[in-house]
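Per TrEMBL, transmembrane segment is recorded for A:12-38, A:58-80, A:92-108, A:114-137, A:146-165, A:198-216, A:246-268, A:274-293, A:300-319, A:325-344.
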Amino acid sequence: MIRIERRIDANPWWTAGTLVAALAAGMLASALIVATAGADPFEAFRTLFFGAFGSQKAVMTTLIKSTPLILTGLATVIAFRAQIWSIGQEGQVFAGAMAGYLGSQILAGLPPLLFFPGVILFGVAGGLLLGGACAILKTRFGVNEIVSTVMTNYLAIYLLSYLLAGGPWAEIGDGASYQQSVPLPAAEQLPLLFGTKLHIGVLLPFVAAICCAVMLDRTALGYEIKALGTNPVALGHKGTNIARTIIAVMCISGGLAALAGVIELYGVGHRLKADNLVGLGYAGIIVGMIGGLRPLGTVLAGLLFGGLASGAVSMRVVSDIPASLVPAMQGIILLFVLCASVMARYKIVRGTAS
Amino acid sequence: MSGLFQEAILISIFAATLRTMTPLLFSAMGELVTQRAGIWNMGVEGTMLMGSFIAYFVATSTGSLWLAVLAAILAGAVMGLIIAFMTATMRVDHFVTGLGLNLFAGGITLYWFQSYVRGGPQPSFAGFEDVPLPFLSDIPFIGPVLFSQRLLTYAALFIVPAIWFLLYRTRYGLELRCLGENPKALDVKGLSVPVRQYGAVMFGSAMTGLGGGFLMLAFSDRFIADFSAGRGWIVVVALIAGNWKPKGVLMAVVAFALLEAIATHAQVVGVGVPRQLLLALPYLASIILLMGVRFRTGQPAMLGFPYSRE
């Protein structure tokens with residue numbers, strides 16, 4: 001006889017197994033979706049994966065595309081591990097890019113060694129403030145963080161739209177109808193790594209992931225974040241100031257998401273434009289969850305989805321399948337992964353009940 | 001500025017308020033049922049978006065608006081089935097389920113839309129027209145505001161008392177409210193908790209699908225990405241601000257609709273405020289409104305907690 005029983009201990013192999021099964025099921029369901037729109041799933045996946053990992057150029061594009069996803073994924077990890085359901089990453093990416101662009105106007109002319117750290121700090125501060133504001137809305141006014149972060153997402157998006165369409169940062173002239181800023185001068189673009197097409201910012205997600213892993217596993221704050229997620233009552237009895245922990249979590253999470261926005265501005269887009277930023281935050285939620293809310297897993301998931309984003313371009317060109325297949329796939333895979341995360345807490349037992 | 005002009009503007013604002021609140025009201029009354037049953041559905045936005053897209057697809061491919069309304073309702077119910085499966089059967093966290101569903105809906109509607117259009121000219125349709133009621137619409141001021149609306153707007157006004165009656169005057173409503181307060185009591189009596197939760201979520205989501213469908217068929221003639229633009233989230237805010245009571249939720253919805261109507265008219269009249277900042281008003285108002293809501297007496301005790309016998 002086979003029964004299903006709740007696990008007391010977590011088995012990492014079983015957890016990984018359910019996750020891989022969920023990824024496979026998600027791919028299969030995505031293939032069905034491709035078929036519903038009248039396209040050939042095999043052709044779609046072939047061009048998708050070839051465009052993601054099939055050549056040196058493809059791998060570089062994948063690295064560049066995964067950079068912001070890993071960062072917003074890490075932002076998700078920090079918040080969700082504390083069971084704070086912040087989905088403000090999208091708005092924080094926008095805030096990071098806007099604050100980073102503001103930095104370029106104040107710090108213009110500084111030597112690169114001061115300029116780049118300076119504008120990055122500006123950007124990070126933008127997201128940190130936005131995240132912190134939502135944290136205070138939660139701790140001080142009891143406003144649910146999901147709702148407040150959604151609303152601030154819309155506020156950030158509309159603010160950028162205002163700044164770029166007829167507002168103070170709009171490009172005047174031929175580009176005026178595109179809702180974008182003037183391009184950054186070459187001296188203000190992130191330098192490239194040893195003659196490749198990779199900007200220096202692609203290293204940041206890996207550094208950030210290591211920092212997050214160390215912070216979660218080796219520091220008092222990391223312990224408090226995890227305790228906030230698992231047993232906030234006990235944490236309160238221990239004497240920890242829970243409101244302060246929530247604010248710290250949202251600030252760190254907001255700063256990480258904003259880093260994605262500012263790197264995208266200085267490393268890839270080279271001008272402020274909503275099209276370059278849209279969706280990075282929401283995709284980061286999926287990346288963080290598929291990464292099992294662990295920094296290392298998030299790096300792997302980010303590379304996978306960065307690959308899909310890079311492959312989507314060649315898929316559109318070669319097979320004429322819309323690039324928006326990728327966000328659709330991300331959503332489908334997420335639903336399967338959520339179910340798998342529940343399955344991972346159960347085990348299949350043979351034999352009679354003890 | 002003449003008095004006649006001012007009156008015309010006022011009539012236009014109030015009429016627009018009723019029109020704007022129609023999709024919100026359908027969805028909010030549906031989600032009220034869902035939340036009173038203990039399911040904290042955060043997937044309203046995605047469900048509404050799905051309803052809008054399916055309505056667009058059916059309206060442009062068959063030419064029948066009422067078929068499109070029916071399809072939007074069905075699409076909402078299917079989304080509800082997914083939510084119910086994940087929350088009532090799999091017992092995934094309600095918040096995370098909703099987030100997942102929103103991202104899923106955002107991605108898949110865009111993919112289907114782009115596959116449907118394929119770079120060609122985008123098909124459009126002629127939406128619902130006003131249906132002035134005979135005699136009543138001739139009453140000065142009140143006539144053009146109240147009695148010269150779309151048919152579904154009249155229907156939406158009847159939904160509030162209907163939901164109130166369902167929740168507070170029927171046996172099913174009693175069981176439903178019990179689901180949100182004390183599901184164990186139903187379980188002990190031998191009444192199935194999951195079956196009722198499936199029913200409540202699918203009903204609520206079908207209503208949200210209807211709201212999304214109306215949004216498409218009465219306000220626009222074509223689909224764009226993120227068409228619902230946060231209206232599902234406004235519904236979530238309205239439930240909290242309305243303290244999970246039909247009348248309170250109605251008042252919150254009216255407030256949002258009035259704000260949006262004023263914002264759109266301010267553009268027309270030419271107030272010296274940038275368009276984007278006016279459009280951002282409802283979102284800002286949501287935050288301020290929730291900051292002011294200090295009482296949560298109406299919140300179902302088990303809202304958001306997956307029920308399990310263990």
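Every residue gets a Cβ built from N, Cα and C, even glycine.
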Feature contact check the transmembrane segment (A:58-80) with the transmembrane segment (A:300-319), CB under 8 Å, 3 or more pairs:
yes
Select the range from A:58-80, A:198-216, A:274-293 that forms the most Cβ-Cβ pairs under 8 Å with the transmembrane segment (A:246-268).
A:58-80
Winner by Cβ pairs under 8 Å against the transmembrane segment (A:92-108), considering only A:58-80, A:146-165, A:274-293, A:325-344:
A:146-165
Quick one: find which recorded stretch in A:58-80, A:146-165, A:198-216, A:274-293, A:325-344 has the most Cβ pairs under 8 Å with the transmembrane segment (A:12-38).
A:325-344
What residues in the same chain, six or more past the boundaries of the transmembrane segment (A:198-216), come closer than 8 Å to it by Cβ-Cβ distance?
60, 63-64, 66-67, 70-71, 74, 77-78, 81, 189-192, 222, 225-226, 256, 259, 263, 266-268, 294-296, 298-299, 302
